[in-house]
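Among the features that TrEMBL reports, active site, 5-glutamyl coenzyme A thioester intermediate is placed at B:Glu284. The CoA binding site annotation in TrEMBL covers B:Gly258, B:Val259, B:Gly260, B:Asn261, B:Val262, B:Asn374, B:Gly378, B:Lys398. TrEMBL lists B:6-211 with the feature domain 'Acetyl-CoA hydrolase/transferase N-terminal'. Look at TrEMBL and you will find B:316-458 tagged as domain 'Acetyl-CoA hydrolase/transferase C-terminal'.
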2 protein chains.
Amino acid sequence: MFYRKITAEEAASLIKNDDVISLSGFTATGCPKAITRALAARAEVEHVRGNPLKVGLCTGASTGESVDGVLSRVNAIKFRTPYQSNVDSRKALNDHDIHYFDLHISELAQYLRYGFLPKPDYAILEVCDITESGKIVLTSAVGVAPTIAHLADKIIIEFNRYHPRELVGMHDIYEPIDPPYRKEIPIYSVSDRIGVPYVQIDPRKVMGIVETDLPNEICSFTPLDKLTEQIGKNTADFLHGEIKIGRIPLSFLPIQSGVGNVANAVLEAMALNKEIPAFEIYTEVIQDAVIGLMKKGRVKFASGCSLSLTTPVLNEVYAELSFFKQKFLLRPQEISNNPEIIRRLGLISINTALEADIFGNINSTHIAGTRMMNGIGGSGDFCRNAYLSIFTTPSTAKGGKISSIVPMVSHVDHSEHSVKVLITEHGVADLRGLSPIQRAETIISNCVDDQYKDVLWRYLKLGQRGHTPQNIDVALSFHDAFNKTGDMRNVQW
Amino acid sequence: MFYRKITAEEAASLIKNDDVISLSGFTATGCPKAITRALAARAEVEHVRGNPLKVGLCTGASTGESVDGVLSRVNAIKFRTPYQSNVDSRKALNDHDIHYFDLHISELAQYLRYGFLPKPDYAILEVCDITESGKIVLTSAVGVAPTIAHLADKIIIEFNRYHPRELVGMHDIYEPIDPPYRKEIPIYSVSDRIGVPYVQIDPRKVMGIVETDLPNEICSFTPLDKLTEQIGKNTADFLHGEIKIGRIPLSFLPIQSGVGNVANAVLEAMALNKEIPAFEIYTEVIQDAVIGLMKKGRVKFASGCSLSLTTPVLNEVYAELSFFKQKFLLRPQEISNNPEIIRRLGLISINTALEADIFGNINSTHIAGTRMMNGIGGSGDFCRNAYLSIFTTPSTAKGGKISSIVPMVSHVDHSEHSVKVLITEHGVADLRGLSPIQRAETIISNCVDDQYKDVLWRYLKLGQRGHTPQNIDVALSFHDAFNKTGDMRNVQW
């Protein structure tokens, strides 16, 4: 091979304290794994010796155990952006051991290019193929790889044999020119191909190649239950109704669907509702549910940033790669989440709220206003620019101790202006054209759990004068009750 | 004339209770005035007789005394969207006499077309010319006129002789096709012309023409003072620094500037700083300051949705129309505020915050969390999609009784993710890449007034565990103190 073969340990030894490392991948798929594990092992040793070794870490989105997990447990991350979902990194950033910069997924690449974020010293890229002239084929995700590959002065390759070389052609790599010279991004339908199937790197920047054979680290979701199925059904019924009324075209529109259990339930329910035509997906994360629906012919095409599939399902895709290569495109996150494309294609965006309030604001990130869960991810890119933006949530959590619908969310990620429809297992609140007081009445009537209806009606009567009748005195009292007693039902005024 | 000439009273008599009327114009410029005044007079009479007469009112943005003023004083508005700034309509919507749907300015036209908002029964359009074949030339604003002109079944024209027919050519009228057939919006530089200079209407829909000769109703701003000048200077110095560092291209980027005194001060200061090249403006509202800067050669071109100029300055423009017609384009608000264009052109957006918090969230709309000031307007369209998004605010209001920077904003319109730089008269907080605790330290150090520094440092120490160390118990205590004592300095824990 044209490139120098090195071990993961040799690769890790190149990285110095305070370096910024940037990785391919998006969610726990397509990320390098061996070098970051070796780096964590090295950091542990150095820290015992009293030597500092902490890096800035920039990835497409979240990663898996082999990146955020091992590195945050040995306290080797100084700065982190743009997203994470690992239990140990979550703890570290909530303890301020990691400085975490939460960012809209679509903005990362351009913020790096504009110099708004630290320049990456290293790009570490997982590939399934590489040529002498520096054409690399990524694996099961794109993320921010094209941008870090040309910004970083040094590149290390993880050549992961787990992924077949035949993946070539599944990626559509395109990087826009920056203002003042930027042109349109020429995607006019979900399956439009606008770039090339490889990332071009400068071969002279490659410090070495580490060979691996490691599966992705995607966890499976808990199976659907009656509650998530009901949320899915409510959403599908609502969309069906919108088609009938003519507010969604008969030919339907592309779907963006968030990550997780509720999102899967929504897709399954949409597929079951035969009044909804077979549909296309334009999203960031392609999950297990999509594969089954493709086989059934209910999903026609999926454009995303990553195949975030569990190992058995990814293996299924790889076993029938020639079929699935006609069904997928993997794009850089700057394109999968691009406002221009989202608005042009007219996506129906369906995302999960951590918490909503009766006036229609959404908290996607913070537990009780202080503790970061994961990050905003792509939810803001999609909901703000969608044709129609829907948020779903179970009406309660922790066996009823938490109402997902409160007087005032403890942190706002999506303001009332971005939230058109709110759906729980109890029903649908269509907020379009409603004033705050009308929104509150609709949400309490249709979406709130019975255990919390009375108290929220009472809250509304306490409202101080104004367009949005909050009561500033007790607006956060649900959270206060939860912090102090572990149960929002103990709220008192 | 081909069309039937009618009086304003005759026109107003056509409108029935519960009708939705939609108007041309954007701010108190380009709006019809005579028919709405006649409608208000009629509503007053009908209400005395015990007959209901209330309409839904949809305009480009705010209007003037002759629309929101007169109609809200006689309680003739039932529903209002997307923006207002009139003292009487503000009172009415805060009292829930008007149901107000606050909306991103860029979304109005497509929401009307998608059927997400009530279909307008009437479009009332102020024009400076009209042909037999239904080509109309708008006056000093475009707003949502092209969309309401084809959606409404009935059109009434206010032919306002105040505006010269020679305005033809200043407007660039373009309406995108809706998904799934939408294409790119082909603007690649601020002065690109993509449409036609007229709005095409169906002449058969014209119920009549009311002739008027009425000036716009734009109020002048208070003159700059030392404080606003200092905010302007801080902003200009910051931008100059960004050019020097290379984070803004040497050729500079187009400026979007919000409405009001501080916005004017920023433009003036940028024009004074000769290290900043002469620049272009891509914005929604073109204000007085721009005209002076054009004459000085500091502003090269301005694309907007309205000429929101005071009467003397508008007269100046009309007196030299052939010069200024080369310098302006007026576009529909769907285009002036379009996310695709804002991101492609790479705007530097500068908007004014009503209130900011130490973690970088912005309140643009609600006083003390409940009382609507104006509305979100275009601030969200611009700040979310800008190359670089700056918010400015004086550090205090009401002689120090209000700190514009609080622990937690009482309403979030722009989340931390959209706010890159915060500037007060005291200094600049560059928030890019910072975690919440780092942002808080930077904002308190650089932007907060001395009177509030200690209390905000103390607040930060009270923070509950987490990424964003709010203290939910007392997060809104500044507002509570203000509600109870009229002075945030009385905050106590």
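Cβ coordinates come from backbone N, Cα and C, glycine included.
Automated prediction, rather than curation, is the source of TrEMBL annotations.
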The residue listed as 'active site, 5-glutamyl coenzyme A thioester intermediate' and B:Gly378 (CoA binding site), Cα-Cα, nearest whole angstrom: 7
Collapsed DSSP category at B:Val262 (CoA binding site): helix
Distance from B:Gly258 (CoA binding site) back to B:Glu284 (active site, 5-glutamyl coenzyme A thioester intermediate), taken between C-alpha atoms, in Å: 8
Span of B:Gly258, B:Val259, B:Gly260, B:Asn261, B:Val262, B:Asn374, B:Gly378, B:Lys398 around CoA - largest C-alpha separation, Å: 26
Under 8 Å by Cβ from B:Val262 (CoA binding site), counting only residues of that chain that are 6 or more apart: B:Thr228, B:Ile231, B:Gly232, B:Thr352, B:Thr392, B:Thr393, B:Pro394
B:Asn261 (CoA binding site): tally of other CB atoms within 10 A of its CB: 20
DSSP residue counts for the domain 'Acetyl-CoA hydrolase/transferase C-terminal' (B:316-458), split into helix, strand and coil: 52 helix, 36 strand, 55 coil
Cβ-Cβ distance under 8 Å to B:Asn374 (CoA binding site), same chain, at least six residues away: B:Ser62, B:Tyr83, B:Gln84, B:Ser85, B:Arg90, B:Thr365
Around the Cβ of B:Gly260 (CoA binding site), the count of other Cβ atoms that are within 10 Å: 16
DSSP three-state assignment for B:Glu284 (active site, 5-glutamyl coenzyme A thioester intermediate): coil
